[in-house]
């Protein structure tokens, strides 16, 4: 009898742990597992720490953040189409002065850790504690595969999106949520999505999905059609509030059109990448998303013994995943980091597989493969884009004969570590060299580069040979001037080409 009682108790305990208790589903995670996540995050991102050249995007964000601290107004004094909130985040990192590079990378690390913990909390609704942990680790590992080892914008806004969805998951898993709980948590979810929009507007897809699902929850809890419509309008207003406040602030200051064009219109003026590049990017995106998307199909087949709450939560995670993936493909161009928003729901949805022996082995293999491949990708990225050694070599060359630097192709992070020298209000290199941006930034790059070259910058940074999506007309203007008045000062192999720094010949100095 004693043995039978012990066996029965163990079976009940195992079943509860395996399926996820209500308490766990409400988001209470294990401190020990959170520590494991933090250690795993550090190990995955360790080889990137201190590298200023992880990605051209985050180098530019840090530069603009610093410019803001010196009075520059985004979209007016320095042009880009990213929302104001992203630059505010990097302005905060810039407050750390000489340690700003480490500040943004540690900030990104903290954001990834917290996002993974939030993912684990949600995954507990459909999986055991270990299964939820694996989902969190899968998210962390997959970031490195898509260029997310640094401070790309999804690294930050995924935390807000995850916290928003956690509020909805708590409503789904609650036995009988009160009307006030639904409104409170729904409003909080949409506010978080509103804030995430000010980091990058592509969260609009997940925000719309969240709003629609909140409408479903309202109807399931006996809200009338009229009340549901009113609350959905309220949720939409809450989500739009941060963007409206920012846009309104620009209008009041007389820069409304600058904000409107940069944030809303300019993206529609971009042209498509050449077909060969689009096909290559599409295949890369499919390789990144495919294995995680397969997990949704596998858990539908392998995980049939579920509670009612688990079925509801699994449906939500699967639907969220599909919505995020659709958003990735609707955006177009399909650069690797565009897939990062989809990694969060796909990883959470994968957690349920841990309940199946086959699924458990598959998740272990997937995590191991993703971790190793991610480290290979990080090292490959350093080979193709440079590292701290490259950064210091270039700065050492420039320090021997100080003067203005114009970056035609390269990382804008160099601007941030050199004395201010404003040659253009469009300092992001891609706005000059990419054919995609030819008529999308409010300036004619051919005219603007003539203006820049007319100021005789002491140094020009470029990449040779030309890239497949190069704006050939602008490149011809640049290299015509380089042949006339510049000499090579530094060259380093990067990937299939070379990063080259040119110095103005002494005979052509004013």
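Even glycines carry a Cβ here, placed using N, Cα and C.
Fair warning: this is a prediction, and the values are worked out from it, not measured in the lab.
When the ranges 61-80, 81-100, 101-120, 161-180 are checked against TrEMBL, the one recorded as transmembrane segment is 101-120. Per TrEMBL, the listed range annotated as transmembrane segment is 31-48 (candidates: 31-48, 337-354).
In TrEMBL, the annotation transmembrane segment applies to 314-332, one of the ranges 10-28, 314-332. By the count of Cβ pairs under 8 Å, the stretch nearest in packing to the transmembrane segment (314-332) among 31-48, 193-219, 277-302, 361-379 is 193-219. Here the transmembrane segment (361-379) does not lie next to the transmembrane segment (193-219) in space: the count of CB pairs under 8 Å, restricted to residues six or more apart, is fewer than 3.
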